[in-house]
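Read through the structure below, which is laid out as structure tokens, and then see the notes.
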Amino acid sequence: MAGREKTKSANRVLRISQLDALELNKALEQLVWSQFTQCFHGFKPGLLARFEPEVKACLWLFLWRFTIYSKNATVGQSVLNIQYKNDFSSNSRYQPPSKNQKLWYAVCTIGGRWLEERCYDLFRNRHLASFGKVKQCMNVMVGLLKLGELINFLIFLQKGKFATLTERLLGIHSVFCKPQNIREVGFDYMNRELLWHGFAEFLIFLLPLINIQKFKAKLSSWCIPLTGAASSDSALASSGKECALCGEWPTMPHTIGCEHVFCYYCVKSSFLFDMYFTCPKCGIEVHSVQPLKSGIEMSEVNAL
């Protein structure tokens with residue numbers, strides 16, 4: 001007896017796995033219905049509205065035929081390696097649900113949802129006294145059903161068996177398709193993630209301490225003489241037709257005491273970021289940022 005109880009506890013499906021299977025089933029139904037409605041996208045609007053409960057019931061019946069009826073498991077359960085077992089069977093070995101249980105499962109799930117949607121449409125525009133009483137009785141029955149589902153869910157959270165009220169009434173519960181072995185937990189992925197997170201935090205702390213602008217200026221001053229393009233660039237920079245930092249026509253041209261010209265934004269932002277900013281072309285330190293004299297500026301413009 002102890003060995004049998006130990007085997008049952010080892011093969012017991014986790015609560016989260018059963019709930020995940022239900023969520024996967026709902027996601028599949030939404031996907032199937034959205035894809036089906038796309039087929040009627042070019043038809044007259046509201047074509048499926050009148051027969052929507054019946055169309056949905058046919059689709060869910062089609063899914064039931066090729067999942068629970070033939071494979072003893074829903075799509076969500078198949079993904080999680082779970083299937084239904086007949087709980088009324090006295091045999092300790094696996095016994096699939098009987099044909100009657102599968103048929104009643106379709107009646108309770110598919111037929112119940114169809115009846116709820118269709119009754120709502122029937123009683124929506126009826127104002128007779130007889131229909132009012134029937135509608136009130138239906139509301140009471142739906143309320144009792146939801147109360148039963150709530151109580152069943154609380155029992156499921158305590159015992160981990162029969163995730164839905166339909167499963168409890170029909171005597172079917174979820175079991176693993178194959179016996180589950182003890183899993184070996186590896187920490188390689190976790191260690192790698194911790195190392196990468198630590199390295200990223202180190203870079204976030206270190207990068208603000210590095211003067212990127214000065215490093216780029218030094219690198220450009222070293223690379224320009226090596227490329228052999230310094231003759232034309234220096235001629236443009238010295239003539240005042242090119243910003244020594246961005247390489248474009250200088251906007252609000254300013255100088256820093258050398259022959260090169262800078263955009264006001266380029267030189268001011270660089271100077272505010274680094275008080276020891278030097279010209280990337282000639283290496284002269286910035287003493288003061290002065291606007292380019294109008295006479296020189298106009299002569300350069302007229303020369304174009």
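The backbone N, Cα and C atoms fix where each Cβ goes, glycine too.
Membrane sidedness, as given by the topological domains in Swiss-Prot, differs between PRO97 and CYS246. Swiss-Prot lists transmembrane segment at one of the ranges 15-41, 231-257, namely 15-41.
The average pLDDT for the topological domain 'Peroxisomal matrix' (1-14) in the predicted structure is 56.
Annotation: HIS260 are the binding-site residues among HIS260, CYS279, CYS282 whose CA atoms are within 10 angstroms of the CA of CYS243 (Zn(2+) 1 binding site). CYS263 (Zn(2+) 1 binding site) is 17 Å away from CYS282 (Zn(2+) 2 binding site) when you measure Cα to Cα.
CYS279 (Zn(2+) 2 binding site) and CYS263 (Zn(2+) 1 binding site) are 13 Å apart (CA-CA, integer value).
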